[in-house]
Each structure stands twice: as C-alpha cells, then as structure tokens.
Amino acid sequence: MENIGRQRPIGVFDSGIGGLTNVRALMERLPMENIIYFGDTARVPYGTKSKATIENFSMQIVDFLLGHDVKAMVIACNTIAAVAGRKIRQKTGNMPVLDVISAGAKAALATTRNNKIGIIATNTTVNSNAYARAIHRDNPDTLVRTQAAPLLVPLVEEGWLEHEVTRLTVCEYLKPLLADGIDTLVLGCTHFPLLKPLIGREAHNVALVDSAITTAEETARVLAQEGLLDTGNNNPDYRFYVSDIPLKFRTIGERFLGRTMEQIEMVSLG
C-alpha cells in the first residue's frame, strides 16, 4: 500500500501554459514521478480578475486534481499563489502544497550576499507584494525591489527569446533594479525562465533565481521528508489537461516543456 501511495501523481496547475516550465523542472529533478498538469487556458489571464474569481477558479482546479488522487500539488502560477495560496492549503489539509513564490523567496534569501533582491513579474504579482512579504517574513532587513515586466510574456509566447526587441525590453525593465544595486534577481513569472540566457547576459553580475527549478527542489525535499518519493518508476506517466486548446497551443507548450506533449485532453470546469 505504501508503494501505491508513492506512485500517485504530482498535480501541477497554472492559469495557462507558463506552468509547463515547472513541469519541465520537475521532470528533470524527479524523473520517476508521474505528473498531471492542468492549465486553465479558457480563462487565462487570471491577473485581471478579482480575488473572489481567482479563488473560485483555483478551487475548481484543486477539486479536479484531487479527483485524480494526487499526492502533492504544485501551484505553478504566481497569481494563484499570491491570491489563493492560503485557501488552497486550507482545502487540501495535510497534503504537501508547494508554490513558486515561497520557493523563489527562500532561494533568493539563500543566494543574496548584499541583501538586495530584485523581482521581475507580471503586474498582478508585483501589486500583490507577495514576494516581498515572503522574503521579509524570514529577513525584514532585506531590500526588495520589484519591477512589473508584462511585455515579456507575449514576447516569450511569440518565441522571440533572443530577438533584439526582447533584449531592449529586458534592458529597460532591468535598469531601475540594477541602479538599486541588486545582486540577486527572481524570475517571478513562469514564462521568464525561457529568457534566462538573455537576462543573464544583460545582468551579468546578478545571480538569477529560477522559481521553476527552486520549486522542483523544494518538491523533492518535501516528498522525501514525507516518504512520498517514487524511486522505482522507470516509465513515468505525464498527462496534460486544459480547459481549451487555443491556436498554437501545442507549439508554445512544447517550447515551454522542452519536449513533445503526447497526452493533451480538454476538460470543462465549473
């Protein structure tokens, strides 16, 4: 019975497809784990919606994943983590629930040497102040500078990862953060890890914190601690569920995932 518990999947969810960067990191860090992903592509973006609506949509996704008997959940969406994280944890009880903000904040504090941390994220995540709160809970003396970088999302989805337009946009967003002397930068949006090489060149003396990688590390640590790591599965099952299959979804999704998406299924929630 214990082994069956370990074989249960990890549930990962996002408001769209950006969370596939988290799935990619989990596949690389935990190659024997079964994974179920849900992206609410019919109702993205969440950032423009009210707190009550975001909580309602999130609860529907959590119910869906609980119906698939997941052993842990990863909130692979900064907006959901900032707005509905507490409510999700109340609903799931003792189940391990990881999120990109908590993991990113923890990694940033472990990385910085001068106690000056920058965050680039979407408008909603910046306005929520969730990263600063998470960092200041552990170290109130840390300087946290946030910068909304909304234009990077469509550029990533367009595939312009090394385009001059993207480079210039990154430079503009980095200017105020670099002027404040940050030595650590959190990539606070699930799209941004794809721009890590470009951002690294433009902020070459700054350590980059990839929330997807740090969340995968934290997931591995918690599963091991709870005795839930699957160590005997050489043929893991990956399932991808979405609420809509928009134009170019597979192309963009596979760019985020770094491999082909074989099992995509559309489901309707709510």
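Keep in mind that glycine also has a Cβ here, set from the backbone N, Cα and C atoms.
These come from Swiss-Prot:
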ACT_SITE  Cys77  active site, proton donor/acceptor
ACT_SITE  Cys189  active site, proton donor/acceptor
BINDING   Asp14, Ser15, Tyr46, Gly47, Asn78, Thr79, Thr190, His191  substrate binding site
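Here the features listed in Swiss-Prot are painted onto the structure.
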| residue | record | Cβ contacts under 8 Å, 6 or more apart |
| --- | --- | --- |
| Asp14 | substrate binding site | Leu20, Asn22, Tyr37, Phe38, Gly39, Asp40, Ala76, Cys77, Ile80, Thr190 |
| Ser15 | substrate binding site | Gly39, Asp40, Arg43, Val44, Pro45, Tyr46, Gly47, Phe57, Cys77, Thr79, Ile80 |
| Asn78 | substrate binding site | Val100, Ile101, Ala121, Thr122, Thr124, Thr125, Ala130, Gly188, Cys189, Thr190, Ser211 |
| His191 | substrate binding site | Gly18, Thr21, Leu152, Val153, Val156, Glu157, Phe256 |
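Classification of Thr79 (substrate binding site) by DSSP places it within a helix. One residue stands out among the active-site residues Cys77, Cys189 for having the most other Cβ atoms within 10 Å of its Cβ: Cys77.
One way to see the shell of the substrate site is to take the Cβ centroid of Asp14, Ser15, Tyr46, Gly47, Asn78, Thr79, Thr190, His191; the remaining same-chain residues with a Cβ within 8 Å of it are Gly16, Gly18, Gly19, Val44, Pro45, Cys77, Ile80, Thr122, Thr124, Thr125, Cys189.
Gly47 (substrate binding site) counts 20 other C-beta atoms within 10 Å of its own C-beta, drawing on all protein chains shown. With a 10 A radius on its CB, Thr79 (substrate binding site) counts 28 other CB atoms from all the protein chains. The secondary structure of His191 (substrate binding site), as reduced to three states from DSSP, is coil rather than helix or strand. Under DSSP, Asp14 (substrate binding site) is assigned to a strand (E or B) in the three-state scheme. The candidate set comprises the binding-site residues Tyr46, Thr190. Of these, Thr190 has the most other Cβ atoms within 10 Å. Mapped onto three states, the DSSP output places Gly47 (substrate binding site) in coil.
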